[in-house]
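In what follows, a single structure is set out as C-alpha cells and then discussed.
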Amino acid sequence: MPSGQGRGFPVLGWLRGYAPGWLGADLLAGVTLAAYAIPVALAYATLAGLPPQVGIYGYLLGGLGYALLGSSRHLAVGPTSAISLMVGANVAVIAAGDPAMHAAVASLAAFMVTTICLVAWAARLSVLVKLISDSVLVGFRFGAGLTIAMTQLPSLFGVAGGGSHIIERAWLLLGQLGDLNPVTLALGVVAVVLLVAGGRLLPGKPVSLAVVALSILVVSVLGLAAHGVAVTGEIPPGLPEIGLPTLRFGDVPDLFPVAAGCVLLAYIEGVSAARGFAAKHGYAVNARQELLGLGGANLLAGLGHGYPVAGGLSQTAVNEKAGAKSPLSLVFASAALALCLLFLTGALADLPKAALAAIVLTAVAGLIDVPAMIRLWRISRFDFIAALCALAGVLLLGILQGVLLAALASVLMLVAEGTTPYVAILGRIPGTQLFGDRDRHPENETVPGVLIVRPEAALLYVGAEHVQDRVLAAALAAPDGSLRHVVFDLSATPFIDVAGAEMLRSLHGALAGQGIRLWLVGAHARVRDLLRNAGVAESVGGVERGSSVESAVAAIEAQDA
C-alpha cells in the first residue's frame, strides 16, 4: 500500500492502494476506537470546561479531517488530556464565567490552530517537531500528569475542589476531605481498580467503556444520585451543528498563545506517535503533511463547535492493536460515534463524575514516568535538570506556560551545548599512522613540534570563541619555541558560520604572530565553500579536498626530515 503521502490529499493515495480484504479489519478497529473514545472524550471535555458531548464531537469530526489529510495509517485524533486542560484553564479566563462564550472561544481556538498549521505548512516549518527535546518532554509530561490528576481528585472524593494551581488545589482538597462523600469515593475507587486491572488483564480491550456502562447501571439501579453522587446529567442527542462559532476578534490576541501552545504540543506528540507506528509497520510519515492533517482535524472540530484536537499515543495504540490497516478506521470510528450521539446519549445521564475522574486518572498515570526521570538522572544530569525545569514550569505556572517553558528549555539546551563545544587534542595511536583523542587515550603519542586539534561540533557564533581560546591555551602550554605547526581537523565539523570562519582567520593571525603555521584539514564540502567565500581558505594557504590529519603530519615530517 502506498505510504499515503500524496500531494495535499494523502487520502487519494491510500484509497488507490486499498485492498478489499482490509475492510473488515478497519471496521473492527474503528468500532474498537469508538468504544475507547466515548468515555475518554466525555472525561476530557470536562477538563476543558465544556459539555461532555463536545469531546465526542472532537473525535467524530477530528478523525474525519485527519483521515483526509494526514499521512499516517494508524494515528487516531481526538481530545487529549494536556490540551483539554490547557484550553479549559485559559479559555475560562477569556470567557469570564459565561458558558456560551466559553464554548465559542474554545471553538475559535480550534480555528486558530488550523490557521497556525496552514501558515507553518506553507512556511515549511516541520522543524517545529524538533523544538522540544525528548528529555524536556519527559518533564513536561510528568508535570502535566500531576496537574491533571490534581484536577480530578475532588470529583473522585465528591468534594468541590478549587484553586488555580497545584499547590492551592492540594491545600483546598486537604481542607475538604472532612466533607467527602463516601459513596462517591467508593464508586471512584472501584472504577480505578477495574480500569487498572482490566488494562493489565485485557490489553487493547475497551475496558473503560465497560466501566462506564457498569457505573451507570449501579447509579441507576441503586439511585445513588439521591445520595449525593454527582452525575453527568442529560446530554442532548443528535449530531453537532456545523457552523462558525460566535466570533469576537478582540479575543484573538489573548487566545493566540493558547492556540500556539496547542499546535506545538499536538504536533510534537502527534508526529512522535505517527512515526513510532510507521516504523513498526514499515512505512514513512511526512512531517510537513502532518501539519495539514492536524489543521484539517481542527478545522472540522471547530466547525462542529468542538475544541482543539490532536493525535495521541494511547488512542493510536488502541487503533493499531485493533488491527487498523488505513485511515478508513477513523471514518468507521466517526460513524460509530455518530450513532452513539443519535441513539445512546440518554443512557449517559446517570454517568457518575467519579467514574469520569477515574478514567482521566488512569489515562494520565502513564504521563508520570518516574523510571524515565531516573534514567535521565543516570545518563545526563544536564538533560535531567532541563526536564526538571519543564516539570516545575507546568506545576507552578500552568500547562500553557509549561509548554512554552519546555520549548525554551530545549532551545537553551542547544545553546548551552553550542557555547562550549568539545575540542579534542589528538595524538598518534602507537604503532599506526592514525590519530585519536589523548584525553580518552593518554597513551597516544604527541608529534614533536605539532599540535593537532579537532572540534567535535559545528563552528557557530555561540561557540567559536571557546574553540579559539581552547586552541590558543593548548598552544601556549607548549615549551617556548617548540611548537611550529597547529593542525586543525575539521572532519567532525558539519557546518560553519561566518563567525566560525572569522575565528579561524583570527586564530591564523594569532598563531602566525608566534611563528606557528595553521593547517586546516578534513573540511566537508559545505565548510570548504564557506571558507573560500569568506577568504579564509586563501589566508591560511588553502583548504584542500581529501586533506587529513595523516597527510598533514606526513607533509610536516617530510619538511623537517
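Any Cβ shown, glycine's included, is placed from N, Cα and C.
Just so you know, TrEMBL annotations never went through curation; they're auto-generated.
Here is what TrEMBL says about this protein:
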TRANSMEM  21-44  transmembrane segment
TRANSMEM  50-69  transmembrane segment
TRANSMEM  76-97  transmembrane segment
TRANSMEM  103-123  transmembrane segment
TRANSMEM  135-160  transmembrane segment
TRANSMEM  180-202  transmembrane segment
TRANSMEM  209-230  transmembrane segment
TRANSMEM  255-278  transmembrane segment
TRANSMEM  328-349  transmembrane segment
TRANSMEM  355-377  transmembrane segment
TRANSMEM  384-415  transmembrane segment
DOMAIN    440-556  domain 'STAS'
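When each of 103-123, 180-202, 209-230, 255-278, 384-415 is checked for Cβ pairs under 8 Å to the transmembrane segment (21-44), 209-230 comes out on top. Listed as Cβ neighbours of the transmembrane segment (209-230) (distance under 8 Å, sequence separation of 6 or more from its ends, same chain) are residues 35-36, 38-39, 42, 155, 158, 181, 183-184, 187, 191, 194-195, 198, 347-348, 350-355, 358-359. When Cβ distances are compared across the two stretches, the transmembrane segment (355-377) makes contact with the transmembrane segment (76-97), since 3 or more pairs at least 6 residues apart fall below 8 angstroms. Per-stretch counts of Cβ pairs under 8 Å to the transmembrane segment (103-123) identify 255-278 as the leading one among 76-97, 255-278, 328-349. Comparing 50-69, 135-160, 255-278, 328-349, 384-415 for CB pairs under 8 angstroms to the transmembrane segment (76-97), the maximum falls on 255-278. Highlighted: of the candidate stretches 135-160, 255-278, 328-349, 135-160 has the greatest count of Cβ pairs under 8 Å to the transmembrane segment (384-415).
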